[in-house]
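Undergrad: Attaching a single structure in structure tokens format; questions to follow.
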């Protein structure tokens, strides 16, 4: 570890350091980011009566890089005959989107884009939203369901536009797509990998994916009544294994049924290849922190993973008595394709205001 990797918790304008144990976790499918750190209460250069309280606003820094902006959730002081310590844990600002109810006047959204909807829902909790991809056309109508959290709604509408919602280091929300930026260096066996483990699985994959869309006229028509079957095959699954998917009916349902079949096949294929590895640095060769949604080349011949460029799904920075490490979960890009859904359970040509 270098001085640039010192971790600092900033609370109320005070910079707190001197940690004995550190864990900071961020991920493209982890919202919010979170941390847990342990320190002695009497730390060098700070007054003894300086304390951290649950609910305090905070930022977490690794060197000069801000990695989390959020709140302290829990403070746990402890002592024994030898030590007197405090454990502090917290999460990013987006915790309020995940924990708290979605608020929208009347509960019905009309003629708004994914970005507009997410921004309005997040505004109640002091969070801004940016879109790194194309937010797409306006959604004619969308109704909130009682009991849904703000993040539940945002995640659902993001799937409709094939976007991934995840938290940035400033505590705000990003609506993005699969990462296209690549780390300066990847991971090479015998060079910068302490340990690695791969999981290759087939139990969640199928030879055939059948998306079934039921016609609204099925009870008046003879036979299938216009029912749609979209079929996608995975030739790498050698024995017969069929999965049937019930796709939503409504305007655009036929396209969604085909997309769902393709998504099931691609995502399940992607998630059947997983690498978990540990490296002894939090940064790549250029000094940049390893971050989620970043592409990294892999050369791990012992695991039979070579010549692949996959995406960092999750990264955890740790430091304890065993040293400084970064642990990452890495998968093919197809593992992160958002599930296509149909938001409108009525024909697309029906005006939004006509459906109550």
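Note that Cβ sites are derived from N, Cα and C of the backbone, with glycine treated the same way.
Because TrEMBL annotations are produced automatically, they should be read as predictions rather than curated entries.
So TrEMBL says this about it:
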- 7-91: domain 'Baseplate hub protein gp44-like N-terminal' (DOMAIN)
- 94-176: domain 'Baseplate hub protein gp44/GpP-like second' (DOMAIN)
- 257-339: domain 'Baseplate hub protein gp44/GpP-like C-terminal' (DOMAIN)
Undergrad: Can you count helix, strand and coil residues in the domain 'Baseplate hub protein gp44/GpP-like second' (94-176) using DSSP?
TA: 29 helix, 23 strand, 31 coil
Undergrad: Where DSSP helix means H, G or I and strand means E or B, what are the helix, strand and coil counts for the domain 'Baseplate hub protein gp44/GpP-like C-terminal' (257-339)?
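TA: Its residues fall into 21 helix, 40 strand, 22 coil.
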Undergrad: What are the helix, strand and coil residue counts for the domain 'Baseplate hub protein gp44-like N-terminal' (7-91) according to DSSP?
TA: 0 helix, 57 strand, 28 coil
